[in-house]
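Q: Pulled these features from Swiss-Prot for this protein:
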COILED    175-200  coiled coil
COMPBIAS  1-12  compositional bias 'Basic and acidic residues'
COMPBIAS  23-32  compositional bias 'Basic and acidic residues'
COMPBIAS  87-132  compositional bias 'Polar residues'
COMPBIAS  169-187  compositional bias 'Basic residues'
COMPBIAS  203-219  compositional bias 'Low complexity'
MOD_RES   SER66  phosphoserine
MOD_RES   SER67  phosphoserine
MOD_RES   SER143  phosphoserine
MOD_RES   SER145  phosphoserine
MOD_RES   SER147  phosphoserine
REGION    1-245  region 'Disordered'
REGION    202-226  region 'Required for interaction with CSNK2B'
Amino acid sequence: MKMEEAVGKVEELIESAAPPKASEQETAKEEDGSVELESQVQKDGVADSTVLSSMPCLLMELRRDSSESQLASTESDKPTTGRVYESDSSNHCMLSPSSSGHLADSDTLSSVEENEPSQAETTVEGDTSGVSGATVGRKSRRSRSESETSTMAAKKNRQSSDKQNGRVTKVKGHRSQKHKERIRLLRQKREAAARKKYNLLQDSSTSDSDLTCDSSTSSSDDDDEVSGSSKTITAEIPGRGCFLN
């Protein structure tokens with residue numbers, strides 16, 4: 001829009017410069033006649049050619065900018081980028097001093113337009129960095145939750161294995177009457193077996209005591225018999241000695 005307005009202003013300036021020249025031609029006609037009219041027309045043509053020769057660079061640049069703006073408006077899907085002007089030594093319009101002053105506005109506009117996409121790129125990079133940080137935070141949370149669940153599962157497995165090894169079993173649900181009767185019968189059988197073992201141990205201990213008593217009495221009787229026989233022997237020997245004497 002700015003470039004189109006500039007083109008309109010240039011055309012208005014050219015049109016405003018044309019009427020005084022026409023008035024000058026009319027005065028020349030009144031004063032000098034037809035010969036002077038032809039000379040004035042030639043002079044006007046030369047002046048117009050000089051003006052146009054000094055202005056073509058600006059017109060070319062304005063037309064180029066207007067065409068580029070139209071292309072940018074038609075291709076709205078594509079991202080806007082700054083204009084890059086090629087500087088060639090053969091392009092006398094870009095190097096001419098007359099066009100340098102008029103092109104200052106276009107240069108500033110191009111620099112502004114170049115800065116805008118750079119700012120947009122920086123904002124996009126900031127957004128991507130924020131998104132990447134958010135994704136990293138989510139991944140860390142997921143990894144923490146997964147590690148916690150794995151540790152909890154490992155603890156449960158260890159507890160269950162310890163209980164199984166230690167024969168610690170919990171009965172789930174309500175026990176039936178038959179199950180209770182079976183448990184009671186098993187307890188009675190265990191108690192009866194324990195009593196039998198205790199009685200057998202007591203019987204074995206009593207029999208051992210009886211055997212020890214019998215052995216002690218028999219040993220005492222044997223000692224008495226041995227001592228009595230020895231006495232008789234000793235008594236008989238002196239009598240024999242006396243008899244021998």
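Every residue gets a Cβ built from N, Cα and C, even glycine.
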Q: Of SER66, SER147, which of the modified residues has the most Cβ neighbours inside 10 Å?
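A: In terms of Cβ crowding, the pick is SER66.
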Q: CB neighbours of SER67 (phosphoserine) within 10 A?
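A: Other Cβ atoms found within 10 Å: 11.
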Q: Roughly how many Å lie between the Cα atoms of SER67 (phosphoserine) and SER143 (phosphoserine), rounded to a whole value?
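A: Distance between the two Cα atoms comes out at 56 Å.
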Q: Distance check, please: Cα of SER66 (phosphoserine) against Cα of SER143 (phosphoserine), rounded to an integer number of angstrom.
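A: Taking the Cα atoms only, SER66 (phosphoserine) lies 57 Å from SER143 (phosphoserine).
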